[in-house]
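Feature annotation from TrEMBL assigns peptide binding site to Gln174, Cys175, Gln176, Pro298, Tyr299, Gly300, Gly301, Met302, Glu303, Arg572, Met573, Lys574. Sequence annotations record features per position, and here TrEMBL assigns Zn(2+) binding site to His327, His331, Glu350. The feature active site, proton acceptor is assigned by TrEMBL to Glu328. Among the features that TrEMBL reports, active site, proton donor is placed at Tyr415. Taken from TrEMBL, the feature domain 'Peptidase M1 leukotriene A4 hydrolase/aminopeptidase C-terminal' covers 495-616.
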Amino acid sequence: MYPPDCLIVKRPVPDVSKPCSDRKPWQAAARCSLSVVTGPSIMSSDPCSFSSFTRCVTKHLNLSLHLDFERHVIRAKVELTVEALEDRFATLTLDTRDLKILSVSANGQPACFSLGPKHSFKGTPLDITLPFDVSRGQHVIVEVTYETSPSASALQWLTPEQTAGKKHPYLFSQCQAHHCRSMVPCQDSPSVKHTYYAQVEIIRLLTRLRDDGKSISCVTSDLCPQVPMPSYLIAIVVGALESREIGPRSRVWSEKEFADKAAYEFSETETMLKTAEDLAGPYVWGQYDILVLPPSFPYGGMENPCLTFATPTLLAGDKSLSNVIAHEISHSWTGNLVTNKTWEHFWLNEGHTVYLERMIGRCMESEQFRQFKAIGGWKDLQDSVNTFGANNPLTNLVPSLQDVDPDDAFSSVPYEKGFALLYHLEELMGGPEVFMGFVKSYIQLFAYSSVTTEDWKNYLFTYFKDKVDILNKVDWNAWMFTPGMPPVKPQYDTTLADACIALSQRWTKAKEQDLGSFTEYDVKSLSSHQLIEFLSLLLGLWSEHLWLRLCVCAKWEEAVPLALKMATEQGRMKFTRPLFREVFNFEKYRKEAVRVFLAHRAAMHPVTAGLVAKDLKVDASNSSSL
C-alpha cells in the first residue's frame, strides 16, 4: 500500500512504485503505460501513420519524462529498441506531432534526422538516418531527445482552479487514436506493440515549496509488466490523488473529494473481472485499477492497461456506470490483448468488446438484460447512421480512412454494427455459449498481436469448419463495406422493453381524469436501466443533456444558457458536442455558441476542442468563424 502522505508515481502493478523521501500532507500519483512488438503478420501501410513498420519494428521502449507544470511541456528522452526487418537497414521514420526534436543518436552515435512537411492530422514524419547499416533481425537503440508542445493533443494540463481540490495542478493524457505521437516520437500504429520501461520526474508540480525553499520534485523508475501493448495505450496522470481498495487486485483513484463515493460506485469491479475471466480466459495484466478523472475527460472510459480512465459523470447519476466498467474490463482481452491492426478495423476492438460486455451483463443479470441492452445499442446505431447520413462511407463497418482523421470517424458504428454482426453470427452458429467459445478461442489464438478483419474472418471459417455452408450465405460485403444500417436486423427479446413501452403509452394516452391512477408502484418493478428507457420513451430523452437538446431544438430560449452551461462544465464529448451543435443550429444564438466556446476552449481537452471547433465552423488557427 502506498504511503498516504507522500508524492508517488503510480504504475500498473502496486509492488513497483517507489515513494519519494520528501513527505508532505498531500499525495500525487502518475501512471505511465507505454507500448509497442509486432503481430504474426505485417501490413504494408497504415493510412494514419508515417512510421516505417514494414522495414523495422519497435520491440522495447525506455522513456524518461520530465514534467514541467509551469510551461505545460514534457522534456523527455526516449530510447527505442528497433529490430530491422530487412538487410542493410539504415533509415527509419517515426510519427511526431508538434514535437521539438533536440537530438537523435543510434547506439550512442549521433544520427542525422529531419522533419518532413506537417500533415493536417498525421503530424510530421521524423526521418532518421543511422550512421551504420543493420542486418535483418539485428537490433539498434535509437535515442531521441525532445520536448512536447504546450498544445500537445494527447495532454491536458489543468490549473488548480480546474480541479476539485483547488490546490494543485493536474495532468492527464488521452492517446487514442493517434495522439501518442504528440507526447512520444514512436511508431504510432496499433499494428506495432512493444514492452517498455519508464522513468518520470515531476518538476514544479506544487505551488508550495519545501522548508528549504526549493521546488518539490520526485523521481521514480520501475519495470512495467512485460506485456506488449500498442502506442495508443500510453497513459499518464499526475495530480493530488487518493486511492481506496475495492478488491484484491483493484483500487480506485481520484481526488480526495470523490474517493469514497468512487469506491462505493465501483464496488462490483472484482465480480466483473471474475466473470470476464470465466468467459474469455485469464486476466494477464495483474492489477486492474480505475481512475476517476476531472470533468474535462472527453470519453466515458479509456481502457489503459491496469488503470482504466473513467468519466466523473459516472459519479453524478449516470446509470451507464456498470456498462462502462464492464466495457473497459472487456478491453483487457479485446483491444489490449488482441488489437485492431489499423483504425480501419476498429470494429474488431469495439464490436467484440461490446459483445463481451453484454455477455458479462448476461451472467450477472440475465439474458433478457443482454437483449434489452442490445435494443438500446441498435437505437444508438440508428442515431449515428442518421447523423452521418445513410450513404456516408464512414458508416461502413470497415471504412477507408485514407485522408480521414480517425477522430472525425469516431461514432457508435464500430461498436453497435460490430455487435450486431457478432450477434447475428451467434444466432446462425448455435447460440451464445457456442459463439462465445469462438470468441474465447479467437482471443487465445491472436493474443499479444494485432489483426485485420480478414484474419478474423479466416479464423471464423476455420473454427466453424463444419458450418461453412451457413457462413457462405452471409452477405459479407453488405455487412463490412456497405454504408448505412446492417442488412439484417436481429430479432431481440423485447420483454423488458415492452414493460417500458406499455407504461409510457399509459402516460401519453392519459386524460386529466386518469392521472390519479398512476402510483409509485408503476415504476418500482422497473430496473434503473428500464426507468431510463421509460423516460426516454415518455419525453424523447434519457438524461439532462437530451432534455436540454430537445428544449433548444424547440427554440425555448431559456434553455440556451443552461445548455451552454452543461456543455462547458463537463467535457464528455457524448454531451458537449451535441449541446453546442443544437445551440449553433438555433440561428438567433449561433454567435453566442461560438462566443462561449471560444471563452472556454483553452480549458477543454484538445480533442474535444478540435471537434467542437469543426462543428461550429471555427477556424482552429484563430478565433474567427462566422
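From the backbone N, Cα and C atoms, a Cβ is placed for every residue, glycine too.
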Which of Gln174, Gln176, all binding-site residues, has a Cβ with the fewest other Cβ atoms inside 10 Å: Gln174
Glu350 (Zn(2+) binding site) versus Tyr415 (active site, proton donor) - Cα distance in angstrom: 5
Cα-Cα distance linking Gly301 (peptide binding site) and the residue listed as 'active site, proton acceptor', given in Å to the nearest integer: 7
His331 (Zn(2+) binding site), number of other Cβ atoms within 10 Å: 24
Cβ-centroid neighbours of Zn(2+) site His327, His331, Glu350, 8 Å, sequence order: Glu303, Glu328, Ser330, Thr334, Gly335, Asn349, Thr353, Val354, Glu357, Tyr415
Cα-to-Cα gap, Gly301 (peptide binding site) vs His327 (Zn(2+) binding site), nearest whole Å: 9
Neighbouring C-beta atoms (10 Å sphere around the C-beta of Gly301 (peptide binding site)): 23
Model confidence over the domain 'Peptidase M1 leukotriene A4 hydrolase/aminopeptidase C-terminal' (495-616), averaged pLDDT: 77
Pairwise Cα distance for Tyr299 (peptide binding site)/His331 (Zn(2+) binding site) [Å, integer]: 15
